[in-house]
Amino acid sequence: MMQPLYLVGPRGCGKTTIGMALAQATGFRFADTDRWLQSHVQMSVADIVEKEGWGGFRARETAALEAVSAPSTVVATGGGIILTEYNRRYMHRVGVVIYLCAPVSTLVNRLEAEPEAELRPTLTGKPLSEEVREVLEQRDALYRETAHYIIDATKTPAQVVSEIIAALPPSTQRLQGDVYT
């Protein structure tokens, strides 16, 4: 059994999309902390934040992180999971942390194209491009500090998955046919 693989990065970097594809390529299970949390409390992230504030949401997010962390699991985390020092240390110690890095323009384009965009609470109350830029400026150093690997997430999901697999130790990779994928 391999330690969990944690995908971190801002909204729109592809954590869920890449996570599902990476799980399929490695034969790992897939978990998403936001989806796990929403299914267990039967509320959207926006509703949790509205009822409990960001502090309440962050506490629930830590519980979700611990609940989904298991060997041979790819975990897509919420964009702000790295704001809690415990979460950063936990992921770095327990698993392999992969920062999916993308520029503001890519993130904004992806977020604008997302059908679930209205379910995500605004973090600053500002226009999307301004919010993404500010949030990334605040969090980039934390993503980098937490990550074992930093991967360019501007490419296609298949290319990103291939780059992640190439960066990981061979014991993480699943042999498909005669080649590692």
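In case you wondered, yes, glycine gets a Cβ from its N, Cα and C as well.
On a predicted model such as this, the values are computed, not experimentally measured, just so you know.
Taken straight from Swiss-Prot:
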| type | residues | note |
| --- | --- | --- |
| BINDING | Gly12, Cys13, Gly14, Lys15, Thr16, Thr17, Arg120 | ATP binding site |
| BINDING | Thr16, Asp32 | Mg(2+) binding site |
| BINDING | Asp34, Arg58, Gly79, Arg139 | substrate binding site |
| REGION | 112-126 | region 'LID domain' |
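Sequence features, as recorded in Swiss-Prot, placed on the structure.
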residue	record	contacts (Cβ under 8 Å, 6+ apart)
Gly12	ATP binding site	Ala102, Thr106, Leu107, Val108, Arg110, Leu111, Glu114, Val132
Gly14	ATP binding site	Leu100, Ala102, Arg110, Ala153, Pro157, Val160
Lys15	ATP binding site	Leu7, Val8, Gly9, Asp32, Ala76, Thr77, Gly79, Leu100
Thr16	ATP binding site	Asp32, Arg35, Ala76
Thr17	ATP binding site	Pro157
Asp34	substrate binding site	Val45, Glu61, Ala64, Ala76, Gly78
Arg58	substrate binding site	Gly80, Leu83, Thr84
Arg139	substrate binding site	Pro10, Gly79, Gly80, Ile82, Leu83
**OP:** Compare all C-alpha positions of Asp34, Arg58, Gly79, Arg139, the record's substrate binders, and send over the largest distance in angstrom.
**Re:** 18
Subject >> Candidates Cys13, Asp32, Gly79: member of the binding-site residues with the richest Cβ shell (10 Å) >> reply: Cys13
Original post:
Can you give the mean pLDDT for the region 'LID domain' (112-126), rounded to a whole number?
Top reply: 65
